[in-house]
Each structure stands twice: as C-alpha cells, then as structure tokens.
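Visitor: TrEMBL lists these features:
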| type | residues | note |
| --- | --- | --- |
| ACT_SITE | A:H401 | active site, GMP-histidine intermediate |
| BINDING | A:D97, A:H205 | Mn(2+) 1 binding site |
| BINDING | A:204-208, A:326-327, A:375-378, A:S382, A:401-404, A:K477 | GMP binding site |
| BINDING | A:H236, A:H326 | Mn(2+) 2 binding site |
Amino acid sequence: MNKGEYTLQRESEFAWRIDPTGKMRVPGVVYADESLIEGMDDKVFEQLANVASLPGIVQAAYAMPDAHWGYGFPIGGVAAFDPDEGGVVSAGGVGFDISCGVRCLRTGLTVDDIEPHKKKLADQLYKHIPVGVGSTGRIHLNDKGMQGMLRGGARWAVEQGFGNPEDLEHIEERGCMAGADPAEVSDRARKRQQDEMGTLGSGNHYLEVQRVAEIYDRNTAAAFGLQVDDVVIFIHCGSRGLGHQIGTEFLKYMVLAASQHKIELPDRELACAPINSELGQAYLGAMRAGINCALANRQIITHLTREVFADVLPKADLTLLFDVSHNTCKVEAHRVQGGERKLYVHRKGATRAFGPGHPEIPETLRAVGQPVLIGGSMGTESHVLVGTEQGADLSFHSACHGAGRAMSRHQASKQWRGRSLVDELAERGIQIRSPSMRGVAEEAPGAYKDVRAVVDAAEKAGLARKVARLEPHVCVKG
Amino acid sequence: MGLRGYGVTPKEAFEQTGLALTATVTELDSVSPDERVDVECEAPDLELLLVDWINALVYEMATRNMLFSRFAVKLDGNRLSGSAWGEPVQRQKHMPAVEAKGATYTALKVCEQENGGWMAQCVIDV
C-alpha cells in the first residue's frame with residue numbers, strides 16, 4: 001500500500017513495514033489493520049520515517065494502531081535509542097505533557113450500587129476535583145514541598161497524606177521515578193505548577209466512573225480483580241503546567257544545540273540531544289522530575305476521589321489496579337539480536353506493556369502481566385488489556401494508548417454542540433460534567449476513531465491481549 | 001491547533017497570532033482588555049521568535065490565570081517586546097474550552113507573502 005511517498009510492505013495481517021529509504025537508519029513498522037492504515041494521515045508515515053533517521057535508533061521506529069500525526073513523533077510512536085551508538089533523547093519524542101497517563105481504581109461496588117446516586121456522584125466529583133482552564137488545587141507548594149514532590153512523586157504525595165502506601169505498589173516505578181533532578185527544573189516550570197497539584201487539566205483529560213461491561217479473558221480479569229458489572233474509575237491526566245514548561249524549554253534548547261551536536265533535524269520538532277551529553281542528561285533529570293509530578297498529581301486526584309466516594313457511597317473501597325504513563329522516555333533492558341542492551345525507550349502516546357514475569361510488574365500481578373489501560377471517548381468505551389511475552393520482540397513491550405483523534409478540534413466543534421451532546425449522553429445514562437460546552441463538543445465521541453478497532457488490532461498484532469471492556473457512566477471532563 | 005496571523009508587517013502578524021491564541025480558548029469578544037502584561041523574548045530568527053512570543057503568552061496566561069484580547073508587539077532584530085491586555089479567567093463568563101500547553105515547531109512559518117503582507121503561523125499543543 002502507498003501512503004504519501006512511502007510504500008508499506010505487508011508483513012502480516014496486522015504489521016506493515018516501511019523499508020529504509022533516504023536518511024532512514026532503520027525500518028518503520030506500523031501495527032494496524034488495513035482500514036486503520038487507510039484512515040491514518042500520510043503525515044504519520046512521514047513522521048515515522050523521520051524518527052527512523054535519528055542517531056542511535058535501534059531496530060525500528062514503531063507506530064501503534066492508534067497512531068495519528070503529532071508534533072515531530074507521531075502520537076502512538078515508539079522508538080528506542082542506544083547511548084553507546086550515539087543515541088539521543090528527544091523532548092519532542094516525549095511530548096509536552098510529560099508522563100500523561102491513566103490510572104484505574106477498583107471501587108468494590110457494582111453498577112446497581114451507583115445507579116441511584118449517579119447524578120450526585122457526578123456533581124460531587126465535579127465540585128471536589130479541580131478541572132478545566134484556570135482551575136487551581138487546594139495545595140500551594142512552597143519550595144520545600146516542590147522539591148519533595150519533584151523527587152518523590154506519588155511516594156511524596158502518600159507521605160503528605162494523599163492515599164495509602166499500598167497504592168505505590170501498583171504504580172509504575174513504585175510511584176517514584178529514580179534519577180529525577182529538580183535542579184534542572186526551571187523557576188518558570190515550578191511557578192506554573194505551584195497551585196496546580198491535584199488538578200485534572202483540560203483537553204482530553206478526564207475522570208470517569210465506568211462499568212465493566214464485558215470480560216474477554218476470565219483468568220486475567222480475576223487476577224486484576226475485575227468482574228462484569230463492577231464499577232471502576234479511570235483517571236487520565238499528566239504533569240500539568242510543570243511538564244508543559246519543561247517540554248517547551250528543552251525543545252528550544254535542543255533545537256538551538258542540534259548543530260553543535262552535529263544532529264541534522266528533518267523536522268525541528270524532533271529536537272533531541274545525545275543521551276551522553278550535558279543537555280541530554282539535563283533533560284532526563286528534568287523529564288524524570290516531570291514524571292514524578294504526574295504521578296503525584298494522579299495520586300492526589302485519587303485521594304480527592306476517595307473523599308467523594310466516602311461521602312456519597314461510603315461502602316466503596318477504592319483500590320489501585322494500576323497507573324501507567326503514555327508520554328515518557330525510560331531506560332529499559334531489551335534483547336536485541338540475541339544480546340541484552342540498555343535502551344532509552346521513547347513512548348509518545350504509547351503504553352508500556354510488559355509481559356508475564358517481568359520484574360518491573362507488581363508482585364501481585366507479575367504472573368499474568370502488566371495491565372495496559374486504554375482510554376476511549378466519553379460516549380463509547382475504554383479497555384483493560386494485558387502485556388504479552390511476544391511484545392518484547394514486536395515493539396519493545398509497547399501498545400496503543402487510546403482511540404486517537406479522527407478529526408481536528410475545529411472540525412468537531414463545527415459538527416457538534418456541547419449542550420446537545422451532554423443531553424444525548426445523559427439519556428443514555430452517561431452523566432457528563434464539564435466547565436466548557438465547546439470543550440465537550442471538541443471531545444465528541446464521533447471525533448475519535450473506533451477504540452474497539454484499535455484494541456482489536458493491538459491484540460491481533462500480539463502487542464497486548466484484551467481483558468475487559470468498560471462503559472462510561474460518569475465523566476468529569478476538562 | 002493552528003494559529004495564523006496576517007499583517008502588513010511581521011509585527012502585525014505576530015499581534016494577530018496572539019488573538020488567534022486566545023480564540024482557541026474562548027470567544028475573543030468576551031475578554032476585556034483591562035490589565036496590561038509585558039513580555040520580552042529573544043531568538044535567533046523570526047520563526048523561533050514567534051514560538052517564544054506564543055510561549056511567553058502561554059506562560060502569562062497560566063501563571064496569572066488570565067486571558068488576553070489585545071496585543072502590541074515591537075520587533076527589533078532578534079528581540080521582541082510585547083504587551084498583552086486582558087483580565088482574569090472567569091469560568092462563567094469565558095467558559096474556556098482548552099488550555100494551551102505550549103507552541104510547537106510544527107508548521108512553523110513566518111514569511112512575506114506575494115501581496116507584500118506578512119504571515120506568521122504555528123501549531124500549539126492543547
């Protein structure tokens with residue numbers, strides 16, 4: 001199949017390859033079915049080819065089934081770099097919303113428990129959890145608090161009384177990203193964050209109360225503590241203003257230093273620096289502090305959610321299934337051509353998906369594999385998947401992260417009206433709360449791709465296996 | 001989301017991108033230009049300067065919790081001095097739709113057009 005100037009060779013029903021041409025150092029690999037590929041903008045393939053041309057890239061540049069064109073890297077892009085081969089770290093390859101991710105909480109409730117209280121629950125969650133543009137949290141971080149948060153992540157939040165120590169076991173990195181260097185986080189980034197802890201943000205960020213509608217894999221669902229009609233909560237947000245500012249600043253530093261590092265950028269947005277350089281190390285230190293900010297943020301929101309449930313549905317017991325980030329660069333050991341190497345794996349709009357037995361998975365889940373949390377749109381469905389063993393060879397243990405946009409915000413806001421959408425969804429039993437009706441229109445379910453086609457492709461490609469499908473009942477939208 | 005400003009001079013095109021930035025968040029007419037905030041930027045070329053200008057506005061919007069509806073820019077070589085007039089965000093009045101995270105280098109262009117006017121554009125992440 002031809003997409004723009006690139007020819008895609010079909011490797012299997014769900015894997016496509018772009019052979020290296022021009023400056024590409026490795027092939028591009030896209031995991032998707034034919035109709036998803038046809039629906040992808042030609043820019044996705046151009047961006048994938050650009051990523052494949054970066055120094056020190058290992059094996060291939062990958063695009064997940066939900067790939068759509070982003071800034072520099074495609075969203076749904078995965079690329080690993082070897083520092084010993086001149087490999088780079090890219091601020092554009094992580095994105096502005098560092099460590100944006102999803103966490104899933106079990107509630108110990110069934111749909112019958114929440115049905116009579118849904119409106120109150122929606123109102124209380126909306127009132128209690130700061131959401132939307134200009135919202136600030138109840139916490140004002142002073143210098144010491146900021147320092148502690150940037151180093152400690154969710155562990156710091158738990159020490160401050162937000163949540164339980166048991167939560168930490170079910171967060172990537174046990175809730176605290178090692179190697180964070182607060183000294184590399186500018187005063188401006190700190191200032192953007194000092195009143196934003198425990199806020200959801202806007203755009204596609206949300207908190208949803210969902211029902212487990214279908215189980216695909218009974219044994220894994222049991223290990224995850226999920227049954228049909230259980231109520232769970234998805235929280236989708238990131239590192240807020242701090243991450244955005246770190247991304248903004250380092251993107252510029254990397255663009256300006258590219259020629260000094262003898263890096264030819266096919267697109268300025270791919271701005272990067274050698275891992276083994278002062279700038280590369282500075283970015284890694286700041287980015288890891290950004291990861292901690294996101295982990296702390298989701299931990300505080302979890303605490304606020306628990307407060308609401310304790311008030312509205314006191315018998316609820318909110319326990320953490322897992323917290324996984326989908327905008328990161330992490331150092332991981334992978335086998336490449338028979339040998340183990342430490343690689344810097346960028347996932348931009350892609351989810352880490354470790355298979356059974358991986359030491360990074362919490363002990364309680366290790367036998368089955370890592371939960372992979374896929375957010376859909378507010379009117380459709382979300383999914384829980386699990387990492388596979390073959391994911392190691394396919395995509396450095398990575399899978400999709402969501403449905404992916406099918407049309408721009410501008411198009412969506414012309415096609416739908418927020419108020420009518422909220423009313424239509426309410427008739428279907430989905431309570432939406434949002435400060436902006438235009439924001440709701442821009443996030444209309446019809447503006448997104450079919451998330452089921454995306455997770456089906458991820459499963460059939462072998463990246464992750466489907467465990468459960470979740471339907472929204474309450475959505476607090478940024 | 002893409003921002004594009006047209007003007008007789010680069011300065012005017014830059015000012016128009018400020019308006020476009022606010023329009024991604026709310027209706028421009030809803031923002032009263034009551035308070036002035038000044039920003040300074042410096043970058044090696046006009047395109048990088050545009051990114052800096054938009055990022056400076058994003059920063060002021062985020063940290064002051066404000067929206068702006070009037071802009072004035074002075075360009076002096078690689079330096080930009082800008083002013084933005086606006087007011088604090090009010091949820092009921094402005095119903096802000098999205099929060100700008102930062103300006104990207106995607107589709108970044110500042111150029112003179114065939115009619116002699118100037119165009120400045122970039123994409124912001126929201």
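Glycine too: its Cβ is placed from the backbone N, Cα and C atoms.
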Visitor: Around the Cβ of A:D97 (Mn(2+) 1 binding site), how many other Cβ atoms lie within 10 Å? Please give the count over every shown protein chain.
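Guide: Neighbour count, Cβ to Cβ under the 10 Å cut-off: 28.
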Visitor: Chain B proximity: which recorded positions among A:D97, A:L207, A:H401 have CB distances under 8 Å? Answer 'none' if there are none.
Guide: A:D97
Visitor: Filter the binding-site residues A:D97, A:H205, A:H236 down to the ones within 10 angstroms of A:N327 (GMP binding site), Cα to Cα, kept in sequence order.
Guide: A:D97
Visitor: Out of A:H236, A:H326, A:H401, the recorded positions in the record, which is closest to A:H205 (Mn(2+) 1 binding site) when you go by Cα distance?
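Guide: Among A:H236, A:H326, A:H401, A:H236.
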Visitor: Under 8 Å between C-beta atoms and at least six apart in sequence, can you list the same-chain neighbours of A:S377 (GMP binding site), or say none if there are none?
Guide: A:A403, A:E443, A:A444, A:P445, A:A447, A:Y448, A:V451
Visitor: Including all protein chains shown, what's the count of other C-beta atoms within 10 A of the C-beta of A:H326 (Mn(2+) 2 binding site)?
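Guide: Total other Cβ atoms inside 10 Å, all chains included: 30.
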Visitor: Quick one: Cα separation, A:H401 (active site, GMP-histidine intermediate) versus A:N204 (GMP binding site), in Å?
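Guide: Distance (Cα to Cα, whole Å): 13 Å.
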Visitor: How far is it from A:N204 (GMP binding site) to A:H326 (Mn(2+) 2 binding site), counting Cα to Cα, in Å?
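Guide: Given the Cα positions, A:N204 (GMP binding site) is 14 Å from A:H326 (Mn(2+) 2 binding site).
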Visitor: When you rank A:D97, A:L207, A:G404 by Cα distance to A:H326 (Mn(2+) 2 binding site), which of the binding-site residues ends up on top as the closest?
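Guide: When the Cα distances are compared, A:D97 comes out closest.
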Visitor: Are there any residues at least 6 positions away along the chain from A:G404 (GMP binding site) with a Cβ closer than 8 Å to its Cβ? List them or say none.
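Guide: Listed in sequence order: A:D66, A:A67, A:H68, A:I75, A:G76, A:G349, A:Y448, A:K449, A:V454.
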